[in-house]
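As recorded in TrEMBL:
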- 7-20, GLY102, ASN173, ARG198: ATP binding site (BINDING)
Amino acid sequence: MNILGLIVEYNPFHNGHLYHLKESLEKTNATHSIAVMSGNFLQRGEPALFDKYKRAEIAVSNGVDLVVELPTLFACQSAEFFAHGAITLLNSLNCINSICFGSEEGNIDLLTEISKVLVSEPEDFKLLLKKNLDEGILFATARSKALCDYLITNNVIDNIDKQNLNTILNSSNNILGMEYIKSLLRHESNIKPFTITRVQASYNSEDISSEICSATAIRKSLKDSKNINDIYSVVPEKTFNLISDSINTGFNPMFDEVYFDTIRELVIRDFDILRSYFDVNEGIENKIYKSIFTCNNLYELQQSVKSKRYTLTKIKRILNNILLGISKKDMALVKDINEMPYVRILAFNDKGREIIKQIKLNSDIKIINKFSDINFAENETFKTLIKYDIKATNMYNIPYYKNNKSLLKGPMDYYISPKYIK
């Protein structure tokens, strides 16, 4: 058995994801695939279009063998946290042979060499970084500039000029891919990384004119037109049918604006503790508090608070941390974990069942089907991670089930079992 690991959000699963799945299986010679997927809230600091169970069902229906949940505390944070959580989970299973991610660069050797520098942090690199920071350059820019200068000066990479290297270092999927590699290196993992070049649409493109477009474009189309038929040509048929079924039964796509009133109430009520939430630093809570009174919706609030130092995505994550009550204390507890204490199964097929058997044979990790099976007398890390998974599901489901209130039995993580797809 040769098991491929994929790290995904599938928001929603589109033609580009299907291409990535097929190409990854071929490139790695894998016989089985497991996807570590974000739950109900995503890395950009926003809710998923459809809940984690539906998205997992769609993924398995399109050929993924097993879908497991990336714990919420990692799923909603920066690329470094997101990657660390996903790689730690895959590594903890002790049976994954490879991962394959999409990147703008498409050269795994190049991305690995760059990642090695970021992990080892040679003295010359640290001096360049310090110089940039002393000049008042923001950390992300300072690090990218220092890395670019170090790689060229020390001939770490051949035949790439500074402009092209800078583009490589600042492309979103390259950045995330290098975080995966960095985490693999730190774990001294046996999982082998592969990459394939992203085709056509870029990560943030809003163009929906070609068969392969970004998830961003699909979400925008669903939000603007509210017509499911507009995305027919850019998602697999099984995705289209399952999304249509969801909408027809009252489970409509979710967008972050539904949480504006909740966030406003939390900011006003809990202002004194806002700075205890993760990433709420440097007085940003004051700007949020001041803006909350004059803004009419979440978009206005995000635009009002963002700045050169605090990008839109970072502001969205901060507001999401406030919404879910993600504290600095709890993030500090989990940020350096070397093993994930549990794996939550969301959906699987027959091959997925074979992967689960391999996990049981090779790892001591706790396998969770639904939370009613959990013994909560576990360690503090386990309890902390689970707490936020439950909280995220509950927060998501209140608006998600608004047309199906009779189906909302309570905390649904206790009631819903993994979906088996024949």
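Count begins at 1; order follows the chain as displayed.
Just so you know, glycine gets a Cβ as well, placed from its N, Cα and C.
Reduced to three states, the DSSP call for ILE7 (ATP binding site) is strand. Among the listed binding-site residues, namely TYR10, PHE13, TYR19, the Cβ with the most fellow Cβ atoms inside 10 Å is that of PHE13. With respect to Cβ neighbours within 10 Å, the binding-site residues ILE7, GLY16, ASN173 differ, and ASN173 shows the lowest count. Secondary structure at PHE13 (ATP binding site), as computed by DSSP, is coil.
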